[in-house]
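See below for the structure under consideration.
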Amino acid sequence: MRASNDLQSPTSEMVLLTPASETAPTVPIDSSNVATVSNGAVGGQREGSTESNNSAVRMKKQLGLLEGVAIILGIIFGSGIFISPKGVIREVEAVGTSLIIWILCGLLSMIGALCYAELGTAIPKSGGDYAYILEAYGSLPAFLYLWDAMMIFVPTTNAIMGLTFASYVLQPFFDNECSIPEGALQLLAAVTICFLTYLNSCYMKITTKMQNIIMFTKIAALVLIIIVGVVWMCFGHVQNFEQPFENTQTDPGKLSVAFYSGIFSYAGWNYLNFMTEELRDPYKNLPRAIYISLPLVTAIYVLANMAYLAVLSPAEMIASDAIAVSFGNRVLGLWSFIIPIMVAISAFGGLSVHIMTSSRMCFVGARNGHMPAILSNISVKQFTPVPSLVFLVI
(Lines of atoms letter the chains of each structure in order from A and count residues from 1; the text may use other names and numbers.)
(Lines give C-alpha, C1' and ligand atoms only; values in the text may rest on other atoms or scores of the structure.)
Protein backbone atom coordinates (compact mmCIF):
# COMPACT_ATOMS: atom_id res chain seq x y z
CA MET A 1 0.00 0.00 0.00
CA ARG A 2 1.27 3.47 -0.87
CA ALA A 3 0.34 6.41 1.32
CA SER A 4 2.00 8.97 -0.97
CA ASN A 5 4.82 9.38 -3.44
CA ASP A 6 7.17 9.59 -0.44
CA LEU A 7 6.74 5.84 0.12
CA GLN A 8 8.50 4.73 -3.06
CA SER A 9 11.49 2.41 -2.66
CA PRO A 10 12.80 3.49 0.75
CA THR A 11 15.37 0.73 0.97
CA SER A 12 17.10 1.78 -2.21
CA GLU A 13 18.17 5.01 -0.57
CA MET A 14 18.71 3.71 2.96
CA VAL A 15 22.36 4.10 3.91
CA LEU A 16 23.81 3.79 7.38
CA LEU A 17 26.58 6.06 8.59
CA THR A 18 29.07 4.83 11.13
CA PRO A 19 30.02 7.04 14.09
CA ALA A 20 32.32 9.92 13.29
CA SER A 21 35.28 8.20 14.91
CA GLU A 22 35.28 5.66 12.05
CA THR A 23 35.66 6.20 8.32
CA ALA A 24 32.38 7.54 6.98
CA PRO A 25 31.18 8.88 3.63
CA THR A 26 30.96 12.60 3.13
CA VAL A 27 27.39 13.85 3.43
CA PRO A 28 26.45 17.34 2.25
CA ILE A 29 24.58 18.98 5.09
CA ASP A 30 23.02 22.37 5.57
CA SER A 31 24.45 23.52 8.89
CA SER A 32 21.47 25.80 9.50
CA ASN A 33 19.12 22.85 9.55
CA VAL A 34 20.97 20.19 11.51
CA ALA A 35 22.16 19.39 15.00
CA THR A 36 25.32 17.58 16.02
CA VAL A 37 24.71 13.89 16.54
CA SER A 38 28.02 12.63 17.78
CA ASN A 39 29.70 14.54 20.57
CA GLY A 40 30.94 11.76 22.78
CA ALA A 41 34.42 10.27 22.65
CA VAL A 42 35.12 11.63 19.15
CA GLY A 43 38.68 12.64 18.41
CA GLY A 44 39.62 12.17 22.04
CA GLN A 45 36.74 14.15 23.50
CA ARG A 46 35.80 13.36 27.07
CA GLU A 47 32.58 11.35 27.37
CA GLY A 48 29.67 13.57 28.29
CA SER A 49 31.39 16.72 27.03
CA THR A 50 29.12 19.44 25.75
CA GLU A 51 31.53 20.36 22.95
CA SER A 52 30.56 19.36 19.41
CA ASN A 53 32.71 18.01 16.61
CA ASN A 54 32.16 19.72 13.26
CA SER A 55 33.13 16.55 11.35
CA ALA A 56 30.54 14.42 13.12
CA VAL A 57 27.45 12.98 11.50
CA ARG A 58 24.55 15.32 12.11
CA MET A 59 20.82 14.85 12.60
CA LYS A 60 18.30 17.02 10.85
CA LYS A 61 16.28 19.49 12.90
CA GLN A 62 12.84 18.55 11.59
CA LEU A 63 10.54 19.10 14.58
CA GLY A 64 8.76 22.41 15.09
CA LEU A 65 6.51 23.69 17.85
CA LEU A 66 3.45 21.79 16.61
CA GLU A 67 5.36 18.51 16.48
CA GLY A 68 6.72 19.17 19.98
CA VAL A 69 3.22 19.72 21.35
CA ALA A 70 2.04 16.58 19.53
CA ILE A 71 4.80 14.51 21.16
CA ILE A 72 3.95 15.71 24.68
CA LEU A 73 0.18 15.40 24.28
CA GLY A 74 0.49 12.13 22.40
CA ILE A 75 2.33 10.39 25.21
CA ILE A 76 0.43 11.99 28.12
CA PHE A 77 -3.07 11.37 26.82
CA GLY A 78 -2.35 7.83 25.66
CA SER A 79 -5.44 5.79 26.53
CA GLY A 80 -5.49 6.29 30.31
CA ILE A 81 -7.97 9.16 30.49
CA PHE A 82 -10.43 7.08 28.45
CA ILE A 83 -10.01 3.86 30.39
CA SER A 84 -9.26 4.22 34.08
CA PRO A 85 -9.27 7.67 35.72
CA LYS A 86 -10.88 5.95 38.69
CA GLY A 87 -7.79 5.67 40.87
CA VAL A 88 -8.29 9.10 42.44
CA ILE A 89 -12.03 8.88 43.17
CA ARG A 90 -11.60 5.36 44.55
CA GLU A 91 -9.16 6.54 47.21
CA VAL A 92 -10.70 9.86 48.29
CA GLU A 93 -14.38 8.85 47.83
CA ALA A 94 -15.47 12.47 47.24
CA VAL A 95 -16.11 14.28 43.98
CA GLY A 96 -14.79 17.69 45.05
CA THR A 97 -11.63 16.30 46.61
CA SER A 98 -10.89 14.20 43.54
CA LEU A 99 -11.14 17.23 41.25
CA ILE A 100 -8.83 19.23 43.54
CA ILE A 101 -6.28 16.41 43.39
CA TRP A 102 -6.45 16.40 39.59
CA ILE A 103 -5.72 20.14 39.58
CA LEU A 104 -2.84 19.82 42.06
CA CYS A 105 -1.32 16.95 40.08
CA GLY A 106 -1.47 19.14 36.98
CA LEU A 107 0.35 21.94 38.80
CA LEU A 108 3.03 19.55 40.09
CA SER A 109 3.48 18.15 36.59
CA MET A 110 3.83 21.68 35.24
CA ILE A 111 6.58 22.40 37.77
CA GLY A 112 8.40 19.23 36.77
CA ALA A 113 8.00 20.03 33.08
CA LEU A 114 9.39 23.54 33.58
CA CYS A 115 12.43 22.04 35.33
CA TYR A 116 12.94 19.81 32.29
CA ALA A 117 12.56 22.81 30.00
CA GLU A 118 15.44 24.42 31.89
CA LEU A 119 17.49 21.22 31.68
CA GLY A 120 16.75 20.90 27.98
CA THR A 121 17.99 24.40 27.22
CA ALA A 122 21.00 24.17 29.56
CA ILE A 123 22.01 20.72 28.25
CA PRO A 124 20.80 20.74 24.62
CA LYS A 125 21.28 17.02 24.01
CA SER A 126 18.83 14.30 23.08
CA GLY A 127 18.35 11.38 25.45
CA GLY A 128 16.25 12.99 28.17
CA ASP A 129 16.83 11.54 31.63
CA TYR A 130 19.88 9.56 30.50
CA ALA A 131 21.64 12.66 29.12
CA TYR A 132 21.03 14.62 32.32
CA ILE A 133 22.16 11.79 34.61
CA LEU A 134 25.33 11.45 32.52
CA GLU A 135 26.04 15.17 32.73
CA ALA A 136 25.35 15.42 36.48
CA TYR A 137 26.55 12.11 37.95
CA GLY A 138 28.86 10.55 35.39
CA SER A 139 29.01 7.35 33.39
CA LEU A 140 28.13 4.61 35.87
CA PRO A 141 24.69 5.88 37.00
CA ALA A 142 23.86 6.83 33.41
CA PHE A 143 24.93 3.40 32.15
CA LEU A 144 22.80 1.60 34.74
CA TYR A 145 19.77 3.79 34.05
CA LEU A 146 20.12 3.33 30.29
CA TRP A 147 20.25 -0.46 30.38
CA ASP A 148 17.40 -0.64 32.86
CA ALA A 149 15.27 1.52 30.56
CA MET A 150 16.23 -0.32 27.37
CA MET A 151 15.83 -3.83 28.79
CA ILE A 152 12.78 -3.39 31.03
CA PHE A 153 10.86 -0.13 30.94
CA VAL A 154 10.73 0.63 27.20
CA PRO A 155 9.84 -2.85 25.88
CA THR A 156 7.23 -3.50 28.58
CA THR A 157 5.61 -0.10 28.00
CA ASN A 158 5.50 -0.77 24.25
CA ALA A 159 3.91 -4.16 24.91
CA ILE A 160 1.24 -2.73 27.23
CA MET A 161 0.33 0.04 24.79
CA GLY A 162 0.28 -2.41 21.89
CA LEU A 163 -2.01 -4.81 23.78
CA THR A 164 -4.33 -1.93 24.72
CA PHE A 165 -4.63 -0.94 21.06
CA ALA A 166 -5.19 -4.55 20.00
CA SER A 167 -7.89 -5.18 22.60
CA TYR A 168 -9.96 -2.18 21.47
CA VAL A 169 -9.54 -3.05 17.78
CA LEU A 170 -10.58 -6.69 18.25
CA GLN A 171 -13.34 -6.21 20.84
CA PRO A 172 -16.11 -5.38 18.29
CA PHE A 173 -15.54 -8.77 16.64
CA PHE A 174 -16.31 -10.67 19.85
CA ASP A 175 -19.50 -10.54 21.92
CA ASN A 176 -19.59 -10.13 25.68
CA GLU A 177 -19.71 -13.89 26.22
CA CYS A 178 -16.62 -14.61 24.13
CA SER A 179 -13.24 -13.32 25.24
CA ILE A 180 -10.57 -12.27 22.77
CA PRO A 181 -8.00 -15.05 22.22
CA GLU A 182 -4.65 -14.20 23.78
CA GLY A 183 -2.85 -15.25 20.62
CA ALA A 184 -4.84 -12.80 18.50
CA LEU A 185 -4.15 -9.97 20.95
CA GLN A 186 -0.43 -10.67 21.04
CA LEU A 187 -0.17 -11.07 17.26
CA LEU A 188 -1.93 -7.78 16.51
CA ALA A 189 0.10 -5.97 19.18
CA ALA A 190 3.37 -7.32 17.74
CA VAL A 191 2.37 -6.41 14.16
CA THR A 192 1.41 -2.89 15.29
CA ILE A 193 4.74 -2.35 17.08
CA CYS A 194 6.65 -3.59 14.01
CA PHE A 195 4.61 -1.40 11.67
CA LEU A 196 5.15 1.74 13.75
CA THR A 197 8.86 0.96 14.03
CA TYR A 198 8.99 0.73 10.23
CA LEU A 199 7.20 4.07 9.87
CA ASN A 200 9.52 5.74 12.38
CA SER A 201 12.55 4.31 10.56
CA CYS A 202 11.67 5.11 6.95
CA TYR A 203 9.07 7.86 6.89
CA MET A 204 9.80 10.43 9.58
CA LYS A 205 7.78 13.19 7.91
CA ILE A 206 4.74 10.97 7.48
CA THR A 207 5.05 9.78 11.09
CA THR A 208 5.15 13.30 12.52
CA LYS A 209 2.19 14.36 10.37
CA MET A 210 0.28 11.29 11.54
CA GLN A 211 1.02 12.16 15.16
CA ASN A 212 -0.20 15.71 14.61
CA ILE A 213 -3.49 14.39 13.21
CA ILE A 214 -3.87 11.90 16.07
CA MET A 215 -3.23 14.69 18.59
CA PHE A 216 -6.13 16.72 17.19
CA THR A 217 -8.28 13.57 17.10
CA LYS A 218 -7.61 12.91 20.79
CA ILE A 219 -8.43 16.47 21.73
CA ALA A 220 -11.62 16.30 19.65
CA ALA A 221 -12.67 13.07 21.39
CA LEU A 222 -12.12 14.54 24.84
CA VAL A 223 -13.88 17.77 23.89
CA LEU A 224 -16.82 15.63 22.71
CA ILE A 225 -16.93 13.92 26.13
CA ILE A 226 -16.77 17.31 27.87
CA ILE A 227 -19.55 18.78 25.71
CA VAL A 228 -21.79 15.77 26.34
CA GLY A 229 -21.12 16.11 30.08
CA VAL A 230 -22.00 19.82 30.02
CA VAL A 231 -25.24 19.10 28.14
CA TRP A 232 -26.04 16.34 30.62
CA MET A 233 -25.56 18.76 33.52
CA CYS A 234 -27.70 21.39 31.78
CA PHE A 235 -30.55 18.89 31.87
CA GLY A 236 -30.29 18.77 35.66
CA HIS A 237 -28.00 15.78 36.22
CA VAL A 238 -25.93 17.45 38.93
CA GLN A 239 -26.68 15.23 41.90
CA ASN A 240 -23.07 14.07 42.17
CA PHE A 241 -21.92 17.68 42.69
CA GLU A 242 -24.46 18.71 45.35
CA GLN A 243 -22.27 17.64 48.31
CA PRO A 244 -18.84 17.44 46.69
CA PHE A 245 -16.78 16.92 49.85
CA GLU A 246 -19.04 14.47 51.66
CA ASN A 247 -17.26 11.31 52.92
CA THR A 248 -13.84 12.67 51.98
CA GLN A 249 -11.05 10.34 53.07
CA THR A 250 -8.35 12.04 55.14
CA ASP A 251 -6.14 9.00 55.64
CA PRO A 252 -2.60 10.00 54.51
CA GLY A 253 -2.06 6.64 52.86
CA LYS A 254 -5.19 6.92 50.71
CA LEU A 255 -4.41 10.52 49.79
CA SER A 256 -0.89 9.50 48.78
CA VAL A 257 -2.22 6.74 46.53
CA ALA A 258 -4.72 9.19 45.03
CA PHE A 259 -1.93 11.67 44.25
CA TYR A 260 0.15 8.86 42.77
CA SER A 261 -2.73 7.82 40.51
CA GLY A 262 -3.19 11.39 39.36
CA ILE A 263 0.51 12.05 38.74
CA PHE A 264 0.79 8.77 36.83
CA SER A 265 -1.90 9.98 34.41
CA TYR A 266 0.24 13.04 33.61
CA ALA A 267 3.37 10.96 32.92
CA GLY A 268 5.11 11.78 29.66
CA TRP A 269 5.74 15.53 29.93
CA ASN A 270 9.51 14.87 29.74
CA TYR A 271 9.48 12.94 26.45
CA LEU A 272 10.18 15.89 24.18
CA ASN A 273 13.56 16.19 25.92
CA PHE A 274 14.49 12.83 24.37
CA MET A 275 14.60 14.60 20.97
CA THR A 276 16.07 18.01 21.85
CA GLU A 277 18.69 17.84 19.09
CA GLU A 278 15.97 17.38 16.43
CA LEU A 279 13.86 20.31 17.65
CA ARG A 280 14.17 23.52 15.68
CA ASP A 281 15.20 26.40 17.96
CA PRO A 282 14.93 24.33 21.17
CA TYR A 283 15.65 27.35 23.37
CA LYS A 284 12.25 28.74 22.34
CA ASN A 285 10.20 25.76 21.18
CA LEU A 286 10.92 23.39 24.09
CA PRO A 287 9.56 25.75 26.79
CA ARG A 288 6.73 26.88 24.52
CA ALA A 289 5.62 23.31 23.87
CA ILE A 290 5.48 22.74 27.63
CA TYR A 291 3.63 26.02 28.30
CA ILE A 292 0.98 24.99 25.76
CA SER A 293 0.70 21.29 26.61
CA LEU A 294 0.55 21.05 30.40
CA PRO A 295 -2.17 23.67 31.06
CA LEU A 296 -4.20 22.14 28.23
CA VAL A 297 -3.81 18.63 29.66
CA THR A 298 -4.78 19.81 33.15
CA ALA A 299 -7.90 21.62 31.91
CA ILE A 300 -8.99 18.66 29.78
CA TYR A 301 -8.39 16.14 32.59
CA VAL A 302 -10.43 18.13 35.10
CA LEU A 303 -13.29 18.84 32.68
CA ALA A 304 -13.35 15.24 31.43
CA ASN A 305 -13.61 13.95 34.99
CA MET A 306 -16.46 16.38 35.65
CA ALA A 307 -18.19 15.06 32.52
CA TYR A 308 -17.74 11.46 33.68
CA LEU A 309 -19.15 12.34 37.10
CA ALA A 310 -22.13 14.10 35.54
CA VAL A 311 -23.13 10.84 33.85
CA LEU A 312 -21.74 8.13 36.15
CA SER A 313 -21.86 7.93 39.92
CA PRO A 314 -18.58 7.51 41.83
CA ALA A 315 -19.54 3.88 42.50
CA GLU A 316 -20.08 3.26 38.77
CA MET A 317 -16.74 4.86 37.94
CA ILE A 318 -14.95 2.68 40.47
CA ALA A 319 -16.65 -0.47 39.16
CA SER A 320 -15.90 0.26 35.48
CA ASP A 321 -12.77 -1.05 33.76
CA ALA A 322 -13.25 1.38 30.86
CA ILE A 323 -14.93 4.55 32.08
CA ALA A 324 -15.18 6.27 28.71
CA VAL A 325 -16.88 3.20 27.23
CA SER A 326 -19.38 3.10 30.10
CA PHE A 327 -19.92 6.83 29.59
CA GLY A 328 -20.57 6.33 25.87
CA ASN A 329 -22.94 3.42 26.43
CA ARG A 330 -24.98 5.58 28.82
CA VAL A 331 -25.36 8.76 26.74
CA LEU A 332 -24.35 8.18 23.11
CA GLY A 333 -26.66 5.30 22.27
CA LEU A 334 -26.01 4.00 18.73
CA TRP A 335 -22.99 6.29 18.48
CA SER A 336 -21.27 4.71 21.48
CA PHE A 337 -18.95 2.80 19.12
CA ILE A 338 -17.07 6.10 18.66
CA ILE A 339 -15.46 5.82 22.10
CA PRO A 340 -13.64 2.47 21.58
CA ILE A 341 -12.40 3.76 18.22
CA MET A 342 -11.03 6.89 19.90
CA VAL A 343 -9.35 4.81 22.59
CA ALA A 344 -7.69 2.64 19.94
CA ILE A 345 -6.51 5.70 17.98
CA SER A 346 -5.19 7.27 21.18
CA ALA A 347 -3.26 4.13 22.12
CA PHE A 348 -1.89 3.89 18.57
CA GLY A 349 -0.62 7.47 18.66
CA GLY A 350 0.88 7.10 22.13
CA LEU A 351 2.71 3.95 21.05
CA SER A 352 4.15 5.72 17.99
CA VAL A 353 5.45 8.60 20.13
CA HIS A 354 6.96 6.19 22.67
CA ILE A 355 8.78 4.22 19.97
CA MET A 356 10.12 7.42 18.40
CA THR A 357 11.37 9.05 21.60
CA SER A 358 12.80 5.97 23.35
CA SER A 359 14.89 5.11 20.29
CA ARG A 360 16.73 8.42 20.71
CA MET A 361 17.82 7.49 24.21
CA CYS A 362 19.19 4.19 22.89
CA PHE A 363 20.95 6.05 20.07
CA VAL A 364 22.54 8.63 22.39
CA GLY A 365 23.66 5.87 24.77
CA ALA A 366 25.42 4.08 21.91
CA ARG A 367 26.95 7.37 20.80
CA ASN A 368 28.48 7.74 24.26
CA GLY A 369 29.81 4.17 24.28
CA HIS A 370 27.26 2.80 26.76
CA MET A 371 25.63 0.50 24.20
CA PRO A 372 27.00 -1.33 21.12
CA ALA A 373 28.45 1.14 18.61
CA ILE A 374 26.27 -0.13 15.76
CA LEU A 375 23.25 1.40 17.51
CA SER A 376 24.74 4.88 16.98
CA ASN A 377 24.34 4.62 13.19
CA ILE A 378 21.68 6.66 11.42
CA SER A 379 19.92 6.69 8.05
CA VAL A 380 21.32 9.28 5.65
CA LYS A 381 17.99 9.48 3.83
CA GLN A 382 15.69 10.03 6.82
CA PHE A 383 18.14 10.97 9.59
CA THR A 384 16.56 8.37 11.88
CA PRO A 385 18.41 5.96 14.21
CA VAL A 386 17.35 2.80 12.35
CA PRO A 387 19.55 0.31 14.28
CA SER A 388 18.25 1.63 17.62
CA LEU A 389 14.65 1.33 16.43
CA VAL A 390 15.24 -2.24 15.23
CA PHE A 391 16.99 -3.14 18.49
CA LEU A 392 14.03 -1.93 20.55
CA VAL A 393 11.44 -3.72 18.44
CA ILE A 394 13.36 -6.98 18.85
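Each Cβ is built from the backbone N, Cα and C atoms, and glycine gets one as well.
Record features, source TrEMBL:
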type	residues	note
TRANSMEM	63-83	transmembrane segment
TRANSMEM	95-117	transmembrane segment
TRANSMEM	149-171	transmembrane segment
TRANSMEM	183-203	transmembrane segment
TRANSMEM	215-238	transmembrane segment
TRANSMEM	258-276	transmembrane segment
TRANSMEM	288-311	transmembrane segment
TRANSMEM	331-351	transmembrane segment
Stretch of maximal Cβ-Cβ contact with the transmembrane segment (149-171) [cut-off: under 8 Å; candidates 63-83, 183-203, 215-238, 258-276, 288-311]:
183-203
Could you give the residue numbers and ranges of same-chain residues that sit at least 6 residues beyond the transmembrane segment (95-117) on either side and whose C-beta is under 8 angstroms from one of its C-beta atoms?
88-89, 240-241, 244-245, 248-249, 255, 258-259, 262-263, 265-266, 269-270, 273, 286-287, 290, 293-295, 297-298, 301-302, 305-306, 309, 314
Considering only Cβ pairs under 8 Å, which range in 63-83, 183-203, 215-238, 288-311, 331-351 makes the most contacts with the transmembrane segment (258-276)?
63-83
Positions whose Cβ lies under 8 angstroms from the transmembrane segment (215-238), at least six residues beyond its ends:
69-70, 73-74, 77, 81-82, 296, 300, 303-304, 306-308, 310-311, 324, 327, 331-332, 338-339, 342, 345-346, 349
Folded-back contacts onto the transmembrane segment (288-311), same chain, C-beta under 8 angstroms, at least six residues removed:
65, 68-69, 71-73, 76-77, 81, 85, 88-89, 95, 98-99, 102-103, 106-107, 109-110, 113-114, 116-117, 219, 222-223, 225-226, 228-230, 232-233, 237-238, 240-241, 265-266, 269, 272, 317, 323-324, 327, 330-331
